[in-house]
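What Swiss-Prot lists as GTP 1 binding site is 9-16, 56-60, 118-121. Annotation comment: Swiss-Prot describes 209-216, 256-260, 321-324 as GTP 2 binding site, evidence class sequence analysis. The domain 'EngA-type G 1' annotation in Swiss-Prot covers 3-166. Taken from Swiss-Prot, the feature domain 'EngA-type G 2' covers 203-376. Annotated domain 'KH-like' per Swiss-Prot: 377-461, in sequence order.
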Amino acid sequence: MVPVVALVGRPNVGKSTLFNRLTRTRDALVADFPGLTRDRKYGRAEIEGREFICIDTGGIDGTEDGVETRMAEQSLLAIEEADVVLFMVDARAGLMPADEAIAKHLRSREKPTFLVANKTDGLDPDQAVVDFYALGLGEIHPIAASHGRGVLSLLEHVLLPWMDDVAPQEEVDEDAEYWAKLAAEENGEEEPEDDFNPQDLPIKLAIVGRPNVGKSTLTNRILGEDRVVVYDMPGTTRDSIYIPMERDEREYVLIDTAGVRKRGKVTDAVEKFSVIKTLQAIEDANVVMLVIDAREGISDQDLSLLGFILNSGRSLVIVVNKWDGLTQEVKEQVKETLDFRLGFIDFARVHFISALHGSGVGNLFESVREAYDSSTRRVSTAMLTRIMAMAVEDHQPPLVRGRRVKLKYAHAGGYNPPIVVIHGNQVKDLPDSYKRYLMNYFRKSLDVMGTPIRIQFKEGENPYANKRNTLTPTQMRKRKRLIKHIKKSK
């Protein structure tokens, strides 16, 4: 069993900075701003070949109000999930009442807890941590997470010994029989070729949209638990939260993202980081659910976000949330507006749901699987070339400078999104209308749904281009006589 380590403490004591150090990523947003982390964030970490799961949490200070109450609940849930807790305090700020309250809660839970004093850079560590002995949690481990000082010592002298006590590493008996068996395996038959199948990989599903359209509510509804903070206030989610899950014997990684507003309205530095994280999550995903608020309709910002999704080549499912409570007349108006403004993406499934009450949510994953399967389906060169030939037979390419564009053959150039590469002569002169015709023909023939198709054209090289023939001596003499004859006739 992989041990779980939770990082807890007051806001802005450096939990996310240490999380990034331990996981060797920049997955957690970091800024000198209390309350930046709002949800539990999970990451894999390793020390001397031993893996453990690290949980970054929001801060607890005992004065929570509004959305901060939900943040504190997430932190308390992380403590329950963890096998061991790293309780972080701020050495510069000194001992605070909230530190004492957290220590009291940890003692009541009887969890293995190690006290970590952060921000000791530039201070005398021994003097900086004296006050924290009053918490009664034993030895204090001084670190400077932002510079990495003391982090390795924390791992080697605290976490590793604890892991050895809880789950000792199995030692291999290195006897003659073991080495003989290993040598026999190495000299035996070669391993069969790896038969890569994208269906065996988890589907990365990003849930995106404008602020407060119900993304986190939908995430919790799908998971069946309050996994992320939900609050009726735009900007509740600030980071992209990656959550592994399984549904109908298929593995997924659910990505709950921060809302994206118009660029002119994004003034807060933290929100700018959040938007970047959301756009990165879109590029990292296989399938994107774009959530639209039925009561506000589709906005220019929705279309802008949609354009980024399509340019990234991601598969798409459109989710119209807050459908409950609307009159039939309003529903018809919303559908007409969607048909008008989203007519250019007729390949994407549209679902009308209520994330709050759960209506329509169960049907989403059928479209997600359909989109992913379409985007990763392997198609042979023979089939693609045959489809291309049928398209040409139904509608010939246009004439360019008196010569008809010739398409020779087609093959797959990539997946997720599907890319079809067509080779031919003068293909760079094909008009956009014919390119769209080919794209739609391939989509219809391959029965592709939920994902964009990209067509790339490659020009056949002319071996005689930019080359001049070298005349033989006989040809040279003949040329001279011809030139002399022309001059005389003049």
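Placement of Cβ uses the backbone N, Cα and C atoms for every residue, glycine included.
Predicted, not measured: the structure shown is a model, and the values here were computed from it.
Comparing Cα positions, T120 (GTP 1 binding site) lies closest to T257 out of the binding-site residues N212, K215, T257, W323.
Counting in whole angstrom, N12 (GTP 1 binding site) lies 39 from W323 (GTP 2 binding site) by their C-alpha atoms.
Cβ neighbour count for T257 (GTP 2 binding site) (all protein chains, 10 Å cutoff from its Cβ): 28. Put simply, of the binding-site residues G9, K15, T57, I60, the one whose Cα is nearest the Cα of T257 (GTP 2 binding site) is T57. Note: the domain 'KH-like' (377-461) comprises 32 helix, 26 strand, 27 coil (DSSP; helix = H, G, I, strand = E, B). DSSP classifies G9 (GTP 1 binding site) as strand under the three-state reduction. Secondary structure at K15 (GTP 1 binding site), as computed by DSSP, is helix. Between the C-alpha atoms of W323 (GTP 2 binding site) and K15 (GTP 1 binding site), the distance comes to 39 Å. Counting neighbouring Cβ atoms within 10 Å of each of the binding-site residues (N12, T120), the lowest count belongs to N12.
N212 (GTP 2 binding site) falls outside any helix or strand according to DSSP and counts as coil. K15 (GTP 1 binding site) sits 27 Å from N212 (GTP 2 binding site), taking the C-alpha atoms as the reference points.
In this structure, the CA atom of G209 (GTP 2 binding site) is 24 Å away from the CA atom of T57 (GTP 1 binding site). Applying an 8 A CB threshold to same-chain residues 6+ apart, the list for G9 (GTP 1 binding site) reads K15, G59, I60, F87, M88, V89, D90, D99, I102.
Put plainly, the binding-site residues T57, N212 were compared by Cβ crowding within 10 Å, and the winner is T57. For K15 (GTP 1 binding site), the count of additional Cβ atoms within 10 Å of its Cβ stands at 30 [all protein chains shown]. Here T57 (GTP 1 binding site) is positioned 20 angstrom away from K215 (GTP 2 binding site), judged by their C-alpha atoms.
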